[in-house]
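Q: TrEMBL feature annotations, pasted as is:
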type	residues	note
REPEAT	43-75	repeat 'ANK'
REPEAT	76-108	repeat 'ANK'
REPEAT	109-141	repeat 'ANK'
SIGNAL	1-26	signal peptide
Amino acid sequence: MKHAFFSISFFAFCACAFSLPQSSRSHVHGKNNSEYVNSKTKEGDTALHLSIKRGYHNITRLLLERGANVNSKDQDGYTPVHKATLFNYPNIMRLLIRRKADVNIPNANGYTPLLTAVSNEYLEAVQILVENNATISSNNDTSLNPLAAAIRQDSVAILRLFFAKGVKANDKVAGAPLLQLAVINAAADATKFLLENGADYTFKTEDGETLLYLAIYNDFTNLAELILTVTTPSPSNDLHEQVKIQ
């Protein structure tokens, strides 16, 4: 009920503000206007957060024009860009970014907008963020790293976007090669993509485990077959011919 009252109050304000004569409107758009549009609920939501959640592009634009804080956080640390990403509104994301929104602010759980986009496989959102300087490998904790998340999601489409921005097949996250992350997450498409782009498959873990060993140990037989197919030549027929001759 409180949210309904808040929404009605906000839209009533907009209707009044835009219908008033110029002489009266100056008072409404006075020094307290920014404070009004940035007013927060007990949950830390602003009118901007709510407008984005509802997908109201025009209201979002009007709020920004009237001083809405483009980086305001709710009680969970979600910024407007987080909200636009979470609800997958690419056009609102672009609008916020044009207003200088910070695309690298993490929420209370450490999720950046890019990590949110990758985790939900919102390809257009990922593209918008990386084109606007979102940090691709932003955290040494693999659970909070967008690059590691792309591998967990087994998304070659996202990996291609990241590679276009400078990621290399032999990069590491928290000391682990990307190829290792792909195998232990049973990410077959990512494994194949990394191998085809020159990832070093000869590495060993601190315990001396090879990539092939890890695949077999985890019962990922399809990955073991893939690794063997990509990394080793097919057996020669010479031995069979020798056996026949003998």
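Cβ coordinates are placed from backbone N, Cα and C, and glycine is handled just like the others.
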Q: Give residue numbers and ranges for long-range contacts of the repeat 'ANK' (76-108): same chain, 6 or more residues beyond its ends, CB-CB under 8 A.
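A: Non-local partners: 44, 48-49, 52-53, 55, 57, 60-61, 64, 70, 114, 116-117, 120, 122, 124-125, 128-129, 132-135, 138, 144.
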Q: Based on DSSP, tally up the residues of the repeat 'ANK' (43-75) by helix, strand and coil.
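A: Counting residues per DSSP class in the repeat 'ANK' (43-75), I get 17 helix, 0 strand, 16 coil.
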